[in-house]
Amino acid sequence: MITYLDRVCISVVGVRMKADLGLSNEEFGWVLGAFSLAYALFEMPTGALGDRLGPRRVLLRVVLWWSLFTALTGVATGLIALIVIRFLFGMGEAGAYPNSSIVIARWFPAVETGRAQAFIWGAGRLGGALAPVVMVPLAASAGWRASFWAMGLVGVVWAGVWYWWFRDFPKEKKGISEKELAYIQESRRFRPQAHGLAWGALLRSRNLWALVVMFHFYMYGAYFFYSWMPIYLQEGRHFSESEMQLFSTLPFLSGAVGCFTGGFLSDWLVKRYGLRIGRASVGLVGMGLSSVVMWTSALTTDNVTAAYLLSAGMLFKDLTLPVSFAVCVDIGKSRAGTVSGTMNMIGQLGGFFLAVFFGKIVDWAGDYNYPLYIIGTLLGISSMLWLVIDPTKELAWKTAGANDAGLLDG
């Protein structure tokens, strides 16, 4: 939840920041893009680090790091300082969700993977929904800088509680019964292993490429909501700040519904029709509907109708989110952190391009709807890639010490 409270904070107070620091849309896009670029570059290494060291220690470092640079965002006085701070913020937050996938791989049976991912991503969406509710009045009363200081403090508190409470494996947690341990291991083929990486083997996996390209296009839609929607509503659809507060909250509430629905529906379909249909059908339909709705919202002239359509677009899009990370666990097993890190790394590059080019396109065209046509098209392509993705095709890893530690096939 706090990942999205911190991440969405900057877009909610974006209009105030732009006015105070004298930033154009293009310059603000580079500020947003700095986070996405760093997040992409460090996502896979931090996921692989979690596979090696365990998520308890890695997530402690992740949250403390990003909390520091969230707070430092509130002291930035110009464009260069903001870009540097947000790059370091993205570097720190990288690996949060791959390490969450490691937690799921170790703590949940395979038939509950989708539901477990639904709770993680649904909570993130609720954090995004809370951001306008918390940040708008805080920025109005104490200034936009205070909102970043408050969010930094929240992260520090969470990190302390996490390290005290969590353990890397169920058997290390006091109070877990033998029955619970047996249930967790049910259909879970996770085996702790030594972790050598073969980059060439990763790059040769067609299944993995289909997954990461799908998620790359998904992220163009996601980063519109994370980065630009509050500004789109205020400057593109001429909403007041109070109206923006409402209509920036609704998409994240809708996204939470989408995450929970997609995760639970996928697990139900897996039990009934098998792994491939259970995962791919949700992704195919969710991304396809989101594509149609994003196009429709851009074409409509009624501002309120457009805002409601955008909320529906996020709901349909986020049906796919827990399913995507569930597939990382399905095919990655003991390397779930590495696989989800790879997917999210390529995905975050889409977030970088969207964050930067949204502002450039708007400044060039003078129309905030132009980027939505591109986003809608890319979401449609993402939908089609679910016809190729096969979650039954597990990446078969060799143990470290073999001549070519890495994938056997896939």
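Even glycines carry a Cβ here, placed using N, Cα and C.
Feature list (source: TrEMBL):
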DOMAIN    1-394  domain 'Major facilitator superfamily (MFS) profile'
TRANSMEM  28-50  transmembrane segment
TRANSMEM  62-89  transmembrane segment
TRANSMEM  146-166  transmembrane segment
TRANSMEM  208-226  transmembrane segment
TRANSMEM  246-270  transmembrane segment
TRANSMEM  282-300  transmembrane segment
TRANSMEM  306-329  transmembrane segment
TRANSMEM  341-358  transmembrane segment
TRANSMEM  370-389  transmembrane segment
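Within the model, the domain 'Major facilitator superfamily (MFS) profile' (1-394) shows a mean pLDDT value of 90, rounded to a whole number. Comparison of 28-50, 208-226, 341-358 by number of C-beta pairs under 8 angstroms to the transmembrane segment (306-329) places 208-226 first. Of the candidate ranges 28-50, 62-89, 246-270, 341-358, 370-389, 341-358 has the most C-beta pairs within less than 8 angstroms of the transmembrane segment (208-226). Ranking 62-89, 146-166, 246-270, 341-358, 370-389 by CB pairs under 8 A with the transmembrane segment (28-50) puts 341-358 at the top. If one looks beyond the transmembrane segment (370-389) by at least 6 residues along the same chain, the residues whose Cβ comes under 8 Å of a Cβ in the stretch are 206-207, 210-211, 213-215, 217-218, 220-221, 224, 228, 279-281, 283-288, 290-292, 294-295, 297-298, 317, 320, 327, 350, 354, 357-358, 361-362. Long-range contacts of the transmembrane segment (341-358) within the same chain, counting only residues at least 6 positions beyond its ends with a Cβ under 8 Å from a Cβ of the stretch, are 25, 29-30, 32-33, 35-37, 39-41, 43-48, 95, 97-98, 202, 208, 211-213, 215-220, 222-224, 226-228, 324-325, 328, 371, 375, 378. Counting same-chain residues at least six beyond the ends of the transmembrane segment (246-270), those with a Cβ under 8 angstroms from any Cβ of the stretch are 4, 8, 11-12, 111-119, 121-133, 225, 229-230, 233, 239, 277-279, 281-282, 286, 307-308, 310-323, 326.
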